[in-house]
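As written in TrEMBL, here are the features:
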type: BINDING; residues: 143, 144, 145, 170, 186, 190, 338, 342, 343; note: L-histidine binding site
type: DOMAIN; residues: 74-433; note: domain 'Aminoacyl-transfer RNA synthetases class-II family profile'
């Protein structure tokens, strides 16, 4: 019997004390376990454990485990080329936000845990909680919308048009190849305040269209729906009100799962087959303003006040989208649900289309075969009021651009097309074919910096001329200033075009003006 128990007992002791258990130590502990006197048993066990701990202290902790050098799961580093892609995207996004009159705000990367609690529905389990180290229970922000609503309530602001670009964190199962991370950037644009219905909502969709078209990502569709329409559908189809949100979460998966799977999930959540079938006749519909007008005559939906309000506003939204010239990119899609609990009205989501999909011409408008959502948002009129002690609400609508997925798509496109992207903005390189010109090169670089020209030179005393020119070609630097003993004596410098390899001699005092003229004419790149 001792032999049979020796292995598991030894394993347990090793795991708890992390030292080797000798046969002698094992026998002493084993005898303690089978001692009849409970107090004597405890005393002997404590005594033997103390001896083993003392032995462990003498032996030390042993070799440290091998350290694995890597980034945490769901995160990544970005090299210079990848950062150049990101900067291109950010510049496009920020330029669009500013064009629409937004100011920028910033909020802390973590919030009080109670600020984020019960704001995200089933996704609340993805919030990163932080250990209490200062008397407050904290969590990393899940998105930028809830912190913005908290800011609005704290400052008692009544209207603002803002943008915010920052990192958010989700304890999700990452899919790195599809741009799904645990740490990632969001680019948010929000309009808060009392305005005539659907005008701010239409502007948000116009912004999405401008950004996606500006980045040249290919064909896309902006799916639009209203949470009030969904609530009305659930109501008239017999779904209990306490199951609206869980049903909404299931319907939101229709872009990833067939209806039969979504139906099965809804039934697992307590809905009857009859109810789910009725819901299915609505949530599988998509189209344009014709569909909206058709549903406005649906006898079942007319029984729901919130559905009628949602459809009426949706019709107004599509009228504004036509004025904003976005109507050809929008699709009224009843399968769109957006699982976050704080949405109260219009919701939208932009999806890139798969241009390689077969039979694409036969696809009905709004029937999306996409590569994933790249933007999403909606109206959240009650979120600010949930933080205000007096419950004062501020109507809000906003959109978030999924830049991480856009980064992944652009990187894949550039790799496929063999595109090169500059990782710096240097305009002029100062070079010399002769030795002993380091200080002269440094003087010219300083003069160029003082004139707001982006310039650099080699930090080697005597670099080879070929290496200097190769550096310019590899980095995409358009112009080179060349100095040597002859140029110094004559008071001139040579300006070389890297692409054409043509050289022009100019007076030293005219060097800056000549460079500025060339750079201005080609916007920083050599033609």
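The chain as shown is numbered from 1 upward.
The backbone N, Cα and C atoms fix where each Cβ goes, glycine too.
The shown structure was predicted, so the numbers you read here are calculated from the model rather than taken from an experiment.
Of all residue pairs in the L-histidine-binding list (143, 144, 145, 170, 186, 190, 338, 342, 343), the one with the greatest Cα separation is 21 Å apart. Within the group of binding-site residues (145, 186, 338), the Cβ with the highest number of other Cβ atoms inside 10 Å belongs to 145. Looking at the domain 'Aminoacyl-transfer RNA synthetases class-II family profile' (74-433) alone, the prediction's average pLDDT is 89.
Cβ neighbours within 10 Å of residue 343 (L-histidine binding site), excluding its own Cβ and spanning all shown chains: 26.
Counting only residues at least six positions away in the same chain, the Cβ atoms of 120, 168, 186, 188, 400 sit under 8 Å from the Cβ of residue 143 (L-histidine binding site).
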